[in-house]
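**Student:** The structure under discussion is supplied below as structure tokens; questions concerning it will follow.
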Amino acid sequence: MAFRFILLSAGLLALVFTAALASDSSPLQDFCVADASSQVVVNGLACKDPKTVQANDFSASGLHMAGNTSNPVGSKVTPLTAAQIPGLNTLGISLARIDYAPWGINPPHTHPRASEILLVLEGSLEVGFVTSNPENRQITKVLQKGDVFVFPVGLIHYQRNVGNGNAIAIAALSSQNPGVITIANAVFGSKPDIASDILVKAFQVHKNVIANVQSKF
């Protein structure tokens, strides 16, 4: 009986320890403003001396300005992460403005380190995400001005402007460095290229199709 209790206790401790390792550590000080000039390699960004921190380290401007959507996908993401606002470092939040031309898309992508909540400021957006294997279920909805939608961490998701005018959205993310992996760019634009025979088998198409798509990235 005692042995079973020890095993159960050890199992519970292992679960707690794993859960602790799987999440970001809580800040141990008021802030850790990123020091872009530091040569120290850490999991994140090294801190400035707190005595040198200024208000500008916690501020940014220009988010009222529309992004340039004159590109093949018809959208522009303007991020505000720790790279743009050093004071976000270690705080576990970031923001982005997304502008969409009529029928423009924010193509299928993932954020490996963050969940996302999207608020539509102007226009109508079709949004969706796809669940993991084996179901690969698509969950989609058309949003109007003032509507909000959540994209769970790590799942492939997208947005499309379904209106005849421009659309604007604000995205909040649960990491100061959420990362982004755009599926088409990663698969067809990797450097060096993924071998074409691998992509032929993965997508079940002729090698000329793969070569044509790779040429666009």
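All residue numbers here begin at 1 and follow the chain in the order shown.
Just so it is clear, glycine is given a Cβ too, placed from its N, Cα and C backbone atoms.
Annotation source TrEMBL lists oxalate binding site at Asn106, His111, Glu116. Annotated Mn(2+) binding site per TrEMBL: His109, His111, Glu116, His157, in sequence order. Sequence annotations record features per position, and here TrEMBL assigns disulfide bond to Cys32-Cys47. Summarising the annotation, TrEMBL assigns domain 'Cupin type-1' to 61-211.
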**Student:** Starting from the Cβ centroid of Asn106, His111, Glu116, which together make up the recorded oxalate site, report each further residue of the same chain whose Cβ lies within 8 Å of that point, ordered by sequence.
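**Tutor:** Not counting the recorded site residues, we get Ala96, His109, Thr110, Ala114, Leu118, Phe151, His157, Ala171, Leu173, Pro178, Val180.
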**Student:** Over the domain 'Cupin type-1' (61-211), what does the predicted model average in pLDDT?
**Tutor:** 97
**Student:** Excluding His109, His111, Glu116, His157 themselves, which residues in that chain have a Cβ inside 8 Å of the centre of the Cβ atoms defining the Mn(2+) site?
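**Tutor:** The answer, listed by sequence position, is Thr110, Ala114, Phe129, Phe151, Leu155, Ile156, Pro178, Val180.
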**Student:** Quick one: pull the CA-CA distance for His111 (oxalate binding site) versus His157 (Mn(2+) binding site), whole Å only.
**Tutor:** 9
**Student:** Looking at the binding-site residues Asn106, His109, His157, whose Cα is closest in space to that of Cys47 (disulfide bond)?
**Tutor:** His109
**Student:** Using only C-alpha positions, which one of Asn106, His109, Glu116 is spatially nearest Cys32 (disulfide bond)? These are the binding-site residues in the record.
**Tutor:** Glu116
**Student:** How long is the line from the C-alpha of His109 (Mn(2+) binding site) to the C-alpha of Glu116 (oxalate binding site), rounded to the nearest angstrom?
**Tutor:** 12
**Student:** How many Å separate the Cα atoms of Glu116 (oxalate binding site) and His157 (Mn(2+) binding site)?
**Tutor:** 10
**Student:** Can you give me the same-chain residues 6 or more apart in sequence from Asn106 (oxalate binding site) with a CB-CB distance under 8 Å?
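**Tutor:** Asn106 (oxalate binding site) has long-range Cβ partners Val73, Ser75, Val77, Ile98, Tyr100, Tyr158, Gln159, Arg160.
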**Student:** So for Glu116 (oxalate binding site), how many other CB atoms are inside 10 Å of its CB?
**Tutor:** 22
**Student:** Near His111 (oxalate binding site), how many other Cβ atoms are within 10 Å of its Cβ?
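**Tutor:** Excluding its own Cβ, His111 (oxalate binding site) sees 23 Cβ atoms within 10 Å.
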**Student:** Under a criterion of Cβ-Cβ distance under 8 Å and sequence separation of at least 6, what residues of the same chain contact His157 (Mn(2+) binding site)?
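**Tutor:** Looking at Cβ-Cβ distances below 8 Å from His157 (Mn(2+) binding site), excluding near sequence neighbours, one finds Pro108, His109, Thr110, Glu116, Val127, Gly128, Phe129, Val130, Phe151.
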